[in-house]
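**Q** The structure follows.
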């Protein structure tokens with residue numbers, strides 16, 4: 001059992017997930033203040049001593065504000081480091097720039113590696129994330145990384161809300177096949193893949209379905225929903241092939257650009273996202289949106305890490321609500 005206490009910190013901008021986690025742990029959020037000067041520079045201060053404490057910084061980053069939130073996070077980490085915190089763990093459920101994990105064209109940067117370098121340079125000792133877009137990002141770090149999975153929480157949601165005896169798990173591309181197949185195995189369901197051809201980024205020109213989905217509840221699973229164009233087209237293809245209903249379940253609801261319009265105008269019955277990304281404002285604009293709360297997973301990972309217990313239990317099991 002660790003003798004130093006847990007201190008939870010969160011940005012002033014998105015505190016929803018941090019507040020849920022703090023309630024589950026029976027802890028208050030450590031007082032802090034983040035101010036933006038007229039010059040655009042950020043000042044951050046911690047309202048009490050964090051010397052020799054176990055710090056957990058919970059950072060939710062919304063769509064369209066990535067760069068500001070990332071730099072604010074670096075300042076928060078460095079403030080804890082210079083205040084002599086014993087250990088600083090950053091909880092980034094949706095890791096920024098995760099899709100830029102390799103050189104996919106000449107002279108392109110590997111920005112996910114830059115993110116890892118920035119976090120460690122700022123003073124981060126440990127990172128907790130969820131459903132990394134590319135698992136090899138863990139290898140970019142010189143500090144420990146725990147990549148949690150939303151799958152156990154998704155399994156619970158499906159069992160509680162869907163007549164899954166009539167369901168089939170769908171992956172909208174080859175990249176998500178492993179994730180969808182794993183979920184299908186957990187539920188003892190069939191898994192199928194939709195082949196998609198892209199004309200350009202975020203734009204799907206053609207989708208091909210090679211299985212019979214007649215009278216099936218099709219559950220499309222993916223790690224993130226951005227503009228939701230792919231999900232909308234997938235739903236159309238599935239329903240044109242006599243599917244009963246189409247539900248999308250994604251870990252990271254980025255919901256950028258015309259996402260809400262695309263969902264509202266689509267044939268999707270429901271789009272379910274975890275709260276790794278803040279999208280409370282969008283819930284009011286789209287009745288098809290639903291949320292899976294992963295605060296229990298984050299809270300339990302904090303408790304286990306602080307007490308020196310294994311986190312691998314959470315890879316296959318969802319904590320009690």
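Start at 1 and count along the chain as shown; that gives each residue its number.
Just so it is clear, glycine is given a Cβ too, placed from its N, Cα and C backbone atoms.
Marked as Mg(2+) binding site by Swiss-Prot: 131, 133, 142, 146.
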**Q** By a simple count, how many Cβ atoms lie within 10 Å of the Cβ of residue 146 (Mg(2+) binding site), its own Cβ left out?
**A** 19
**Q** I'd like to know which of these binding-site residues, 131, 142, is least surrounded, judged by other CB atoms within 10 A.
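**A** Output over binding-site residues 131, 142: least Cβ neighbours within 10 Å is 142.
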**Q** Would you mind listing, in sequence order, the residues at least six apart from residue 133 (Mg(2+) binding site) in the same chain with a Cβ closer than 8 Å to its Cβ?
**A** 95, 98, 99, 101, 223, 224
